[in-house]
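Annotated domain 'HPt' per TrEMBL: B:10-121, in sequence order. The domain 'Response regulatory' feature in TrEMBL is assigned to B:272-388. The domain 'GGDEF' annotation in TrEMBL covers B:428-560. Annotation comment: TrEMBL describes B:H57 as phosphohistidine. For B:D321, the entry in TrEMBL reads 4-aspartylphosphate. The feature region 'Disordered' is assigned by TrEMBL to B:116-135.
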Amino acid sequence: MPVQADSVQRILYVEDDPDIRSVAELALVDVGGFEVLLCESGREALDSIDDFGPDLVLLDVMMPVMDGPETLQALRARQGGLDAPVVFMTARLQPSEVEEYLEMGAIGVIPKPFDPMTLAEQIRQLVSTNQGADRRDLR
Amino acid sequence: MSESKNTGDVSSRLAELRERFVVRATSDLLALEALASGFSRGGVDRAQLFDACQRLHRLAGSAGTFGLPELGESARALEKNLKAAVEQADQDGVDPVPVSGDVIQRMVALRSMLQGRGQQGPLSASSRKESTSPDGVHGLRIGVAVITDGADGGAMAPLRNDLEAYGFDCRLVSGSDQAVEAALRDWGVGAMVLLCDESRMEAVAAIRGSINGTDGGCLSLIALGPEDSFHSRYQVAGLGADAFFCHPPNLPELTERIEYLALERTAKVQGRVAIVEDDTELAEHYALVLKTAGIEVCSVTDPMELMGQLSSFQPDIVLMDVQLGRFSGETLARMVRFYPQWLSLPIIYLSSEDDPDNQLTALSRGADEFLVKPVSDSYLVRAVQIRCFRARQLSRLMNRDSLTGLLKHSLIKQEVEKELARCRREGHESCVVMVDLDHFKSINDTWGHPFGDTVIRTLANFLRNRLRETDMIGRYGGEEFLVVLPRCTQEAAAELFREIAEGFSQLTFTSGPETFHVTLSAGVSAVGHHGSGEQAVEAADQALYLRKKAGRNGVTVYGMPGTTS
């Protein structure tokens, strides 16, 4: 499914740290102009993704109970799977790790800490870089 | 206009979020400090290391976002160190895990990176200001440089020990003018007060001028002279001294002045202003001008919402338009005075009324002052800054205990209630601590009341220097203090006060030829475990009572009488 840069308007963001959630909300909504649904756990994301219908899913990697990769698997295991592209965010950025997430089908990895003034821009760039690229394994 | 308003809004919200983050990070850092101080070089339990790694990881991933990249980098490096240590121990089959003393020290030092945050880079290009507590210098260690002629310090040398005992970071600086200047520049602390002999005043004033010129002016200068005459006072005032004391100085007075000067020089926030103006464009313009100058602004365009917004924003002053549609500013001002908490809130009219008689009539009806429209931007900023500063000075006088400068009894109790409400709303754990000097009666009886006052003041300064900016300290009774520690677990609070009790017991008090030590006892309770703030304070008091019965000099946590030391 090709992703258009301007087709991404609704972002589902899963992050357990409330401070980071607040600053990301500011970065994505006020600075970036996205519509955002904030979830504090993978469980919450599973419960609300169908109602929200995101164009992109942004996942923190390190979370208690269900981490980012597990959340991605659970989202895909739902009936109907996951159409929206996925971006991971992580504080532990090793090349091997990035490769691992890309192999899982993520379109990109954003390192933490992020700059709230440019986060939205980073996401748009990731999306437009992936535009038209052959990513059949995205699902 | 809308663009700049938008980014202004984003940056002020970022600044707010950053303040919140600092509070949360402080509790992580306190926990890390507590963990690290429990680490022994021989080896550390894996569960504790796991806890430390998680906290470090969280800081590594978030501190940079909130404008504290150095803290984030250090946390990341330490996380790596600890993980490597665990891996090595796994390979070698060693348990517990050996951790090097250097790593432990760096963990303990992390918290200072948060305290020095005023000097660090901005959160991002578009945000400049941060808000800090206006009325309390705790969280900031005050540096005092005693400038002497000889290396032995001469007559000024004993001052150093005295000031150290009060919790100041005090150093003797000697040598040529160039050497003194270099030493001061190298020091680089948040606030600094210089003490020098009258005879060297001129040279030191020049050094201060040269340092302040490049560094934003945070140095204060106190002169000490042999005789208290009009002539010598006039002379040092002419040279730019901020205070004059006769040698040898009265220590409580001197320390109070040092605290005051440091506070004055570091007060970063210029104030909080509520603007009541129905002309939205004008209101936006005022708000923008004031925000650019670092003043926090709340715009009220609908008078019906005035009272609610005053309560939530808690302004230092109000700027009020004289006529707001069908509402009269005068009547609104009078209405505001119906509420006891706003009796002393300065209300300043913004008006085009330039007839002094009409102005007086308005003043008699509840407003405090007039600013006549049109006001130039720079005049508005200065007028508001000055009034905010005065309003804060006044409320400080009314709210603070005169001996210690700490919050008065009723105010610290209100803080406990507020913190309880925050705990319930946000779900975090906070503590109250009741602190009492041991055997204070006999100190008073043996050495006299003035000496007792010195001990009380010393403890007040000691607490201020050891606690975070977000902690609140009040003088509860004669020799009793009440401390509120937001976002702090009982364990961390107990650990913190164990250290404070130990540090305080090591201070040496001198009265004539005799020296002695004073100890303190503390009782801790978790605010959220109780139905009301009063009950939480009661619980801390009971814990304190148990501590006293168990031999004083240490800490007891309510409900855990075993946790004593």
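Glycine is no exception: its Cβ is also placed from the backbone N, Cα and C atoms.
Remember, TrEMBL labels are computer predictions, not curated facts.
Note: B:H57 (phosphohistidine) has non-local neighbours B:A75, B:E79, i.e. same-chain residues 6+ apart with C-beta under 8 A of its own C-beta. When secondary structure is read from DSSP and collapsed to three states, B:D321 (4-aspartylphosphate) falls in the strand class. Taken residue by residue, the domain 'HPt' (B:10-121) breaks down under DSSP into 93 helix, 4 strand, 15 coil. Around B:D321 (4-aspartylphosphate), the same-chain residues at least 6 positions away in sequence with a Cβ under 8 Å from its Cβ are B:V276, B:E277, B:D278, B:D279, B:G329, B:Y349, B:L350, B:S351. Averaged over the domain 'Response regulatory' (B:272-388), the predicted model reaches a pLDDT of 83. Taking H, G and I as helix, E and B as strand and the rest as coil, DSSP gives the domain 'GGDEF' (B:428-560) the counts 62 helix, 35 strand, 36 coil.
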